[in-house]
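Student: Have a look at this one before I ask anything.
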Amino acid sequence: MVEGGIVKPDRTEFNDCWKTTWETPYIMRLALSAGIGGLLFGYDTGVISGALLYIREEFQEVEKKTWLQEVIVSMAVAGAIFGAAIGGWMNDWFGRKLSILVADAFFFVGAIVMALAPAPWMIIVGRIFVGLGVGMASMTAPLYISEASPARIRGALVSTNGLLITGGQFLSYLINLAFTHAPGTWRWMLGVAGLPAVVQFFLMLSLPESPRWLYRRNKVEEARSILEKIYPADEVEAELTTLKNSIEAEEADEQTIGNNLTSKLKGALSNVVVRRGLYAGVTVQVAQQFSGINTVMYYSPTIVQLAGFASNKTALALSLITSSLNAIGSIVSMAFVNRYGRRRMMIISMFGIITCLVILSVVFFQAASHAPKISQFESTHFIANGTCLDYISDPNPTSWNCMSCLKADCGFCSNGANEYSPGACLAKTTDLENSCHGQHRTWFKEGCPSKFGFVAVVFLGLYIISFSPGMGTVPWIVNSEIYPLKYRGIGGGIAAVFNWTSNLIVSLTFLTLTKALGSSGTFLLFAGYCVIGLVFIYWFVPETKGLQFEEVEMMLKSGFKPLAFKSKKNSQPINISSI
């Protein structure tokens, strides 16, 4: 998953992190306890992909209404937008610890509501509660870890939150697969998320508030007592001094630009450096979502079924591959982003994404073109009046194939001898599906039998490999570096809102697009979005690798241009000492 921010540590910092936490286990306890929020974030955004397969089977109205499936999936994203806003307010007024506890309450209530839901609308309510928890956890967990960590290993510890997000997504696919044959299937899948929420809740009760928040609330001695558990005795006073200076500078900025959202927003948008930073920051966040990544994460098993794998268990097992590749990609990014640069990694990533999406579009087009034909004999082989009504009434039924059948909202029952041979087009009812299975045939309702299915899964994996190390993590790194210090919070917040909103748009329309354009057309549309995103990244996003924040600010003040459009006199590197 890609909504959470990631702070980039270097290799030395990881070595220091391992040494420091081994000597002071309390630090790792703080980080991992808060990091469970990232795990829940990843789990609750990933688990719906598998649970949806079984929700459709239990509720016929969900099976028949594409928009209802989209709402069930995307309401967690909608809730996250409001959760992030609520979390920001709670972080400032009530502290990081209480915000995490409230997020856990939302996670737990949402999990229980979904697990016990008697109807689809209750699942939607549960998804909203879970989304509120996701939104709060996405910003509070890394903030708490950052403020409760020694400065020299802060990046390494905060990065564990990003790894736990992708780890939570991977865990959700494992849990989905584990409960495939359990009574209640999707109820267990969704309800299990309540357990880590309870664990984190009780762990956080025994942990302190962020020392930074306490210091800002004039609780200096409480802040000192926490720092004494985190830092060696000879470093505590120096850290307190640093904390004091940082908060005084922050308060001075607030006096200059105001402390309310309106004044901060007005000050940010009137600043040319911030505006140019937002061009870059918003560009990479929107491009990240419109590459279609969360359609893969939220609908991965459904996409696998569209590729021709009808079995829920098979779809979940193959989807596990994409989730694991996403987690591996996060680690790859940490290893290479400082070596090759943010801009270069995103551009290379986008070229890979576009290539994979175009190939996926061709594969799905070929799969649709070579779908098995419909046999009138096979279709009338089952119970009377079981044949798809649109097929019967069509003046040219010989032109029908499996895809025609599915577009008519009917089901395809494969040929008993060979599933690639002409099969039956039947009304989509539970009785006919059971009858098809009873004759040891395969029932297809999302995609058709295809010899191209394995190729689609391979390129789906390559798409993830292309996405995760570049566009998966780097946009968050760029947004942590591109804004002046006093506007970093508001700038990152604006970019995050664009990210969540774009996520909502994409997740809320994917199934509708596949119905209207077909799988091939939908992936080609995402490829088109990526081409536009690549152009915008090339034009608006500067390279920030190895630059001090002051250097980034001066670069934006003078106006960034791609190298190909720079004149020779303007192409000299910035010398910060001469500014």
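From the backbone N, Cα and C atoms, a Cβ is placed for every residue, glycine too.
Automatic prediction, not curation, is the source of TrEMBL annotations.
Since we're looking at a predicted model, the values are computed, not measured.
The transmembrane segment annotation in TrEMBL covers 30-55, 67-86, 98-117, 123-145, 157-179, 185-207, 315-337, 343-365, 452-478, 490-511, 523-541. Here TrEMBL flags 30-545 as domain 'Major facilitator superfamily (MFS) profile'.
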Student: Test of understanding: applying the rule of at least three C-beta pairs under 8 Å (pairs 6 or more apart in sequence), is the transmembrane segment (30-55) touching the transmembrane segment (157-179)?
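Tutor: Counting Cβ pairs under 8 Å, at least 3, so yes.
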Student: In terms of Cβ proximity under 8 Å, which residues at least six beyond the ends of the transmembrane segment (30-55) contact it?
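Tutor: Counting only partners 6 or more residues beyond its ends, the transmembrane segment (30-55) has Cβ contacts under 8 Å with 1, 3-4, 21, 62, 69, 72-73, 76-77, 100, 103-104, 107, 110-111, 120, 123, 127, 130, 133-134, 137-138, 140-142, 144-145, 148-149, 157, 160-173, 175-177, 185-186, 189-190, 192-193, 196-197, 199-200, 203-204, 207, 230, 294, 297-302, 305, 312, 315-316, 319, 323.
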Student: Between the transmembrane segment (452-478) and the stretches 67-86, 343-365, 490-511, 523-541, work out which stretch tops the count of Cβ pairs under 8 Å.
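Tutor: Answer is 343-365, with the largest number of Cβ pairs below 8 Å.
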Student: Under a Cβ pair cut-off of under 8 Å, which of the recorded stretches 98-117, 123-145, 185-207, 343-365, 490-511 contacts the transmembrane segment (523-541) most often?
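Tutor: Result: 343-365.
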Student: Same chain only, please: residues at least 6 beyond the ends of the transmembrane segment (185-207) with a C-beta under 8 Å from a C-beta of the stretch. Say none if there are none.
Tutor: 29-30, 33-34, 36-37, 39-40, 43-44, 47-48, 50-55, 58, 97, 100-101, 104-105, 107-108, 110-112, 114-117, 123, 126, 130, 133, 172, 175-176, 179
